[in-house]
Amino acid sequence: MNILGFFQRLGRALQLPIAVLPVAALLLRFGQPDLLNVAFIAQAGGAIFDNLALIFAIGVASSWSKDSAGAAALAGAVGYFVLTKAMVTINPEINMGVLAGIITGLVGGAAYNRWSDIKLPDFLSFFGGKRFVPIATGFFCLVLAAIFGYVWPPVQHAIHAGGEWIVSAGALGSGIFGFINRLLIPTGLHQVLNTIAWFQIGEFTNAAGTVFHGDINRFYAGDGTAGMFMSGFFPIMMFGLPGAALAMYFAAPKERRPMVGGMLLSVAVTAFLTGVTEPLEFLFMFLAPLLYLLHALLTGISLFVATLLGIHAGFSFSAGAIDYALMYNLPAASQNVWMLLVMGVIFFAIYFVVFSLVIRMFNLKTPGREDKEDEIVTEEANSNTEEGLTQLATNYIAAVGGTDNLKAIDACITRLRLTVADSARVNDTMCKRLGASGVVKLNKQTIQVIVGAKAESIGDAMKKVVARGPVAAASAEATPATAAPVAKPQAVPNAVSIAELVSPITGDVVALDQVPDEAFASKAVGDGVAVKPTDKIVVSPAAGTIVKIFNTNHAFCLETEKGAEIVVHMGIDTVALEGKGFKRLVEEGAQVSAGQPILEMDLDYLNANARSMISPVVCSNIDDFSGLIIKAQGHIVAGQTPLYEIKK
């Protein structure tokens, strides 16, 4: 494993112990005198912070092991006790903090991966296999204790001096941290930097004589000087990035805003409430790197200004509105936090103006502004089912070069972190067709595939697929073609009509280019028109044969007597509803007449749960004919109103 790959994997392993912090902070906060004033609740939260290094040892060991094993977690705990207790007998001043937990966790996880299947002689067989792992870890950590007892004091001094320099640098130090923090997001290494800043740098001793290290620990212990590595994130995550999302919405052409609006709104609300910004950042990180660089600079400026103004705020998870409300009046620690709201309004305006100007000035390809020839056709796949997820995982394995090229699989919140033999063999286009928003090739062996919130599920499914046997790489011929716009065929004068369709749906006509799905809107699926339904019955638009009804009953394909293939697709992304809201009234292979009922819908349910109920009705093989003539407009009635005419 190369150095970059190691630190990427370490960043993933750190997420498990960090995930317990919100619970600890909630308990500690609600137990305070100004809220519930219940000491045992506060102590419960404090206990987690007091034993954070041990929690890191357990969490890192489990995450580093090949199958998240409990034996590895136990080994991490054993190693931690051996290392910390043995080391101080050599030098009582040694205090490794969470770094001791991280190191022993790595030793425990590595020992498990190496020796969990070890076979010992019969008289020692009880101690073989997984039972051997804590024993081996304890031995190795004893050796480390003997080494670190002499080696660590100068390292500890260097870390302390570096931390003191950053703290003494004040606003400049926090600004540099904020800038580098955002720059490391694409590589995933920000978790390593955060761990040092939030759990190691700085020292605070409370009235009881307990020593706390790191910005988060010191903040929740009541250190009024803590927060320089946290405060400035609140204006960015709660206000700045939502301002960027609004700018990207208005920068998109008007006809495409409905397609990107829902997505931008959801990621902006997520950033505001929880401080989880990666889904929003990844929308422009790869499409417009210049914007991401400006975002990193603005983040650094925000941390710089917050420190300069004497603002001291903290969080347990991230800088969202939920954490802001919890820490707003935390005794002794929170100071001037109201100013973050003022900063937030200012940064909202800055992000909106800067993003708006830069996007238009440099014609950046933010969501909704992509060139038609760059848009990728995405297949409709239901990854909510086990079968669908397995197929998606198999496709991703093929896209990255097959099992021969794939060496290691890991995942975090939004990314598949993959180690490959040769990143040049990765099919970026196929990855994007499968739903990835970007592929990052960090070096020849390390890549990241940005797949969104289902990254961990997809990663787990990929591991299961690999365990079952080899998967071939996707062939060059299998590379999906980009969705070049399909020119609308023009009906030849005096051409013969081969099909006159009636509307299959009662509702209001919507032009095809207004459908909130690029595959339909670009006419890549076929030409036709769409309808926003107002009645529950879907009928056949012409006489012919039902050649296909999707198993989720949300769409069907009709072949007319003259060979026109008509696709009636009820709603957008309704496949994700797994058939709920739809009932088929005929079966595949049925001979039907125009106006015969095919599907019945629960419109109340569908309108509440579907992304959109705008329903395309297209001729998928329109290239076989001279064109079509749209006849419908306004409000139309199923089985009665002429929809369009196909000409030979």
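Note that Cβ sites are derived from N, Cα and C of the backbone, with glycine treated the same way.
Looking up the ranges 192-212, 465-485 in Swiss-Prot, the one annotated as transmembrane segment turns out to be 192-212. Beyond its flanks by at least six residues, the transmembrane segment (303-323) meets 21-22, 24-26, 170-175, 177-178, 215-216, 219-220, 224-238, 271-277, 330, 333-337, 339-340, 343 of its own chain at Cβ-Cβ distances under 8 Å. Comparing the recorded positions HIS554, HIS569 on other C-beta atoms within 10 angstroms of each C-beta gives the minimum for HIS569.
Residues 193, 196-197, 200-203, 228-229, 231-233, 296-297, 299-308 of the same chain lie 6+ residues outside the transmembrane segment (159-179) yet bring a C-beta within less than 8 angstroms of a C-beta in it. Under the DSSP three-state reduction, HIS569 (active site, tele-phosphohistidine intermediate) is assigned to strand. Residue pair HIS554 (Zn(2+) binding site) / HIS569 (active site, tele-phosphohistidine intermediate) shows a Cα separation of 6 Å. When each of 16-36, 92-112, 132-152, 192-212, 232-252 is scored by its Cβ pairs under 8 Å to the transmembrane segment (282-302), the top-ranked stretch turns out to be 232-252. Long-range contacts of the transmembrane segment (16-36) within its own chain (CB-CB distance under 8 A, at least 6 residues past either end) are made by residues 42-46, 48-49, 52, 55-56, 58-60, 62-63, 101, 191, 195, 216, 220, 315-317, 323, 326-327, 329-331.
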